[in-house]
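Listed in TrEMBL for this protein:
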| type | residues | note |
| --- | --- | --- |
| TRANSMEM | 20-38 | transmembrane segment |
| TRANSMEM | 50-72 | transmembrane segment |
| TRANSMEM | 93-112 | transmembrane segment |
| TRANSMEM | 118-137 | transmembrane segment |
| TRANSMEM | 157-174 | transmembrane segment |
| TRANSMEM | 180-202 | transmembrane segment |
| TRANSMEM | 228-248 | transmembrane segment |
| TRANSMEM | 260-279 | transmembrane segment |
| TRANSMEM | 299-320 | transmembrane segment |
| TRANSMEM | 332-353 | transmembrane segment |
| TRANSMEM | 374-391 | transmembrane segment |
| TRANSMEM | 397-417 | transmembrane segment |
Amino acid sequence: MPIRLQGDVMRSRLQLVSVFTLRFFYLFSSFALSSILARSLSQVDFGVFIVSQSIVLLMYSIAVAGVPNYIVREVAILDPVERCKPIRFAATWSMTILLASVVCFIVIAALIKLDYSVLSGVLVGIPAAGILVLTVVSNATLRGTGQVAGSQISDMLLRPGLFLLITSVFWLSPDLIMTPVVAMTAFLSAVTVGFVFSIFLFRKISLSPSPAYSSIEHRRAMSSVKRLAGVDWVHAVSLYSTPLLISAFASEADVSHFRVAFQVSLLLPTGLYVANAIFYPRLCRAFHDGRSCDVKRVFARCCLIGSGFSWAAATMLWFFGEKFILLFYGEIYLEAMSAILILAVAQLFNTATGPLDLLLTAAGLENVVLKARSFALVGQLVVVPILSHFLGATGAAIGYAFISILWNAFLAIFGYYRFGGLLVVKSGFHGNNEVRE
């Protein structure tokens, strides 16, 4: 094996180990945090916090929609002299969208007379949304320059770790009372610390000062970000509107049960998440250079890593799921077990098909992803309320899983006919053509 290829393989393995470790800590922190909040708050207060946080994260997700993929793609293929342009443009775009989202929320909250408990939590969380936007820009730049592990530290280690630490202090101290507003304040503090560390790493990147985009470059960048943002906007609405739909057509307890089920189901795509974080810049460079064999090989490697881990996690949930729920959430949340298994089936299918949305985005076919996600969102807005009204959290899980499988199946069929045989998994590790950077 050539020396250069040996170095690439070794670096990839080190990145996989590092990002997997950070991801596992993040998952552990998330489960422990959900457990502490579920035990510290009543089911109603827990549901209020989930709704408040969902609104904050929805505004944040709308603001950064398309930005991470755009920055990673541009930074990965541009020279250091030109990298400041997309970074500056993305930061300005995101903060403008966030400001517009906040104004829209205030108007809507006034019109519908939003409950004060939810409103107070959202107002505390709005600064966290702004800080998260800047953190995303910084971390995406780190990913584009190859510092994948460093880009994950603030999101996977510092923010969840500090959030867990603060809530643990309130849970263990009998003199301190946990409320939804206190939980949101702890979230804001954790987000701030993660942002400070991310900026510390960002300042070490070698970036040459460059002027802003010209008018032609600005229009081109705006067009690209709008297409990418459309995909992420629909995904954000799909993801964060589900708790709101359940709260409107079912009970706050059903919101809590679905949140627990969704949190546990996130174990399954861990492998695919890690593979995407590491290999997406390579996928962009391979498309940019016209290396179709490398595109297939990188995609197949993501499929293998994602599918292998998801089956291992699904097996664990099948045999030890109830014990897992009892350990982290308590007996009251055992009712969420059926929703967990339903969402797990959807995650197994989605990880087996691989990062199809990233593949099509790297190929400049984000309009196809946008259409598929839009139809899926319409279906979700119809199916989830109906099923959650009659079956509660289990019905919401059935609707969410069915729509998720449907749109991923469409992307898989389209991707197969568009690129031809990308799911031939043995090409991920065999053959004479290595993945080049």
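Yeah, the Cβs are placed from backbone N, Cα and C, and that goes for glycine too.
Contact check: the transmembrane segment (374-391) against the transmembrane segment (397-417) gives at least three Cβ pairs closer than 8 Å, residues 6 or more apart, which meets the contact criterion. Sequence-distant contacts of the transmembrane segment (397-417) (same chain, at least 6 residues past either end, Cβ-Cβ under 8 Å): 242, 258, 261, 338-340, 342-343, 345-346, 349-350, 353, 356-357, 359-360, 368-369, 372-373, 375-376, 379-380, 383-384, 386-388, 391, 423. Using the rule of three or more Cβ pairs under 8 Å, pairs at least 6 apart in sequence, the transmembrane segment (50-72) is in contact with the transmembrane segment (180-202). Long-range contacts of the transmembrane segment (20-38) within the same chain: residues 46, 49, 149, 152-153, 155-157, 160-161, 163-164, 167-168, 171, 178, 183, 256, 259-260, 263-264, 266-267, 270-271, 273-274, 328-330, 333, each at least 6 residues beyond the stretch ends and with a Cβ under 8 Å from a Cβ of the stretch.
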